[in-house]
Amino acid sequence: TRFSFQVTSVTHLPTNMSLPECSATQLAQLIGPNATNAVAAADFICSQFTAVGKRFVDTQYAVDNTYLLFSAYLVFSMQLGFAMLCAGSVRAKNTMNIMLTNVLDAAAGGLFYYLFGFAFAFGGPSNGFIGKHFFGLKDVPSEAFDYSYFLYQWAFAIAAAGITSGSIAERTQFVAYLIYSSFLTGFVYPVVSHWFWSSDGWASATNTNNLLFSTGVIDFAGSGVVHMVGGIAGLWGALIEGPRIGRFDHNGRAVTLRGHSASLVVLGTFMLWFGWYGFNPGSFTKILSSYESVRWVERR
């Protein structure tokens, strides 16, 4: 006996597709005039279908939100990767300073993104430059998103700030970095993400009234919004602050400043790698998608 299978027309279907309506009038006609009360029977049957349909919708909502929350946890774990990588790359005397900068990204960044950042990024309806609703998560959850979406976007915001911490390592004071991290996560990054990811953004591919170059920008998982914001901020920080103390000798010759722990560098690298699996796959924001069934055909 030989077995094989055949996939017949596997097509992706939208998860928000509406359920077929159950009409009591039409169903009563199918039941026929011989029923004692065809309309009442049809009403009862339709109510049961509606209840089952709502359960499926609730299940889909719960599964997608659980997936988004798990992805947010993975992205947040990248803060540990940033901390370990940067701590291992600097001299031992500066370990505490670089660790504190990563803590500030999560703490101060979380506070300012909660108060202002999320509203500036996704507070629609608004203009093409900046959002103007949901300050302090007022009126959240809404029909468009829940708290899980806020948590996921917050993890993105502090990741953008974390990218910069390595660029200005061993050159910042505690208060100065606190101001930088708060400003980046509370204003700079949210405004840029509004441009490209909000439906009102001037460069968003979903804003058909104001498309950049008639197409808009499609940025999946923050290749530009997150990484370019963090990278450009780090570049300007390094240019403004200049080289680290001891980087050049009295004659202007470069001095090699080696990190004190290769183990931390390697562990941090793998931690960032692990967190990346929440960064990219999680950007779909859902995992429960509808597909036509795969038909298995038995052949003998």
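Positions of Cβ are set from backbone N, Cα and C atoms, glycine also.
The feature domain 'Ammonium transporter AmtB-like' is assigned by TrEMBL to 67-291. Sequence annotations record features per position, and here TrEMBL assigns transmembrane segment to 67-90, 111-130, 150-168, 175-197, 217-240, 261-279.
Below 8 angstroms of C-beta separation, residues 70-78, 80-89, 92, 155-156, 159, 221-222 of the same chain, each at least six residues beyond the ends of the transmembrane segment (261-279), sit close to that stretch. Scored by C-beta pairs under 8 angstroms, the transmembrane segment (217-240) has its highest count with 150-168, from the stretches 67-90, 111-130, 150-168, 175-197.
Looking at 111-130, 150-168, 175-197, the range that has the most CB pairs within less than 8 A of the transmembrane segment (67-90) turns out to be 150-168.
Outside the transmembrane segment (175-197) by six or more residues, the chain places 100-101, 104-105, 108-113, 115-122, 126, 128-131, 153, 156-158, 160-161, 164-165, 168, 203-204, 217, 219, 224-226, 229, 233, 237 with a CB less than 8 A from a CB of the stretch. Per-residue confidence over the domain 'Ammonium transporter AmtB-like' (67-291) averages 91 (mean pLDDT, predicted model).
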